[in-house]
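Over in TrEMBL, the protein carries these features:
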type	residues	note
TRANSMEM	98-117	transmembrane segment
TRANSMEM	129-148	transmembrane segment
TRANSMEM	168-190	transmembrane segment
TRANSMEM	196-214	transmembrane segment
TRANSMEM	221-239	transmembrane segment
TRANSMEM	251-270	transmembrane segment
TRANSMEM	290-311	transmembrane segment
TRANSMEM	348-368	transmembrane segment
TRANSMEM	373-392	transmembrane segment
TRANSMEM	404-424	transmembrane segment
Amino acid sequence: LKKVARMDTLLMAATTRLRCLHASTSSSAVPTVFRSPAIHQLSFSHAHLLSFRSSTVNTCVRRSRFPVTRRTTSPTRRGLFTVRASTEKSIAPSNRKLIVINSVVIIALAVANRVLYKLALVPMKQYPFFLAQLMTFGYVLIYFTILYSRRRLGIVTDEMLSVPKGRFAIIGFLEAVGVATGMAAAAMLPGPVIPVLNQSFLVWQLLFAIFILGRRFLLKQIFGCLFVAVGVVVAVSSGSGADQTLSGIGLLWPAVMIASSAFQAGASIIKEFVFNDAAKRLEGKSLDIFVVNSFGSGFQALFVFLLLPLLSNLKGIPFGSLLSYIKDGAGCFFNTGAKISGCDGAPLLPLLYIATNLAFNISVLHLVKISSAIVSSLAVVLSVPLSVYIMSKPLPYLPGGTSLSSNFMVGSIVLVLGLLLYNIPTTPTKQDTKTS
């Protein structure tokens, strides 16, 4: 009888160990992440998105010497997107160094992009709409050519090309509508007001990151973004002129400009979602950025083409005269013909701007891929006061300089403080890392 009782005890122990092994194997499929401190976190996730552990796992925790990984997410399908409650991942030192290097490169390219755009408009001052459309449709050809070359080299695989294209259509639509609404509002608003209203872009990104990506942010990160936006507003609105007020404008066109920023911010967050989702579809492999660039730009060009009658009228160009305008714009761009005057500096300045803008767009998308859309936006925002400062100095083809008020320095300091506040690394506490 003692032997039978001992055998029963051994069988029960073996059964319990098998249950524990099954539970731990199931939970190990979920990647382990370092969670930011729970205190002072802002989260808009729903109750059914919260994680849980089964009673089997709880039983095994008490009987096993090994920690069990806690499920931190529970995905829910909503159409084209997967919404999941998630926290910010801790960034490895090597990856953080790569992000810092890419951010510095983007800041330099963003400054060069803004300055060269101002210089490119010297010869193209009568044809800015032509320059914009040349870039919109020209980039499609450039991106797909690069994509084709990378496909031939084996860098881009069939699995990468098989990612759902509906998301790229949404990205293209949002960017095209953002351009249309932005042009409509810009035609009705004073010039200095436009960059101030555009700072709502960062706020929209925070909201969309919460609701689309299910991301949680520390209060320091939220306040850091708000400091950045306030700093840019103070810096670019330095000086008080009558043309900087909104008297007589009303609320419609400022609201349209803010909505334009929302469309652009939504497109950037969906691009980040595409990279995150592709990493799961490709079993850990990263999606090539030219897949996103090519198809996103292709759909954007398609929707811009459909909106051409509206866009041309917003720029004061009757749709019937559009072909003649494009012909004259091409002549000025290439600086051909004796009849064309005022195009000094073309094609060198426009080509320099296009090349810099192309490198800037690729770098921004690469930073979105390795970090997030918000980090890339913060890097771009830092270029605004730097660009204003450089353009206040005498430049080739722009010999006249301007003086900057003390508000510019104050706004720049607030902006930098916001960037530091957002990027201060958070060390996980013992409560976050210990197993229960």
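Cβ from N, Cα, C; glycine included.
Automatic prediction, not curation, is the source of TrEMBL annotations.
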Seg_contact(the transmembrane segment (290-311), the transmembrane segment (404-424)) with at least 3 CB pairs under 8 angstroms, min sep 6: no
Range from 168-190, 251-270, 373-392 with most C-beta pairs under 8 A to the transmembrane segment (98-117): 373-392
Segment proximity, the transmembrane segment (129-148) to the transmembrane segment (373-392), 3 or more C-beta pairs under 8 Å: no
Contact yes or no, the transmembrane segment (221-239) and the transmembrane segment (404-424), 3+ Cβ pairs under 8 Å, gap 6+: yes
Positions whose Cβ lies under 8 angstroms from the transmembrane segment (404-424), at least six residues beyond its ends: 220-221, 223-239, 378, 381-382, 385, 388-389, 392
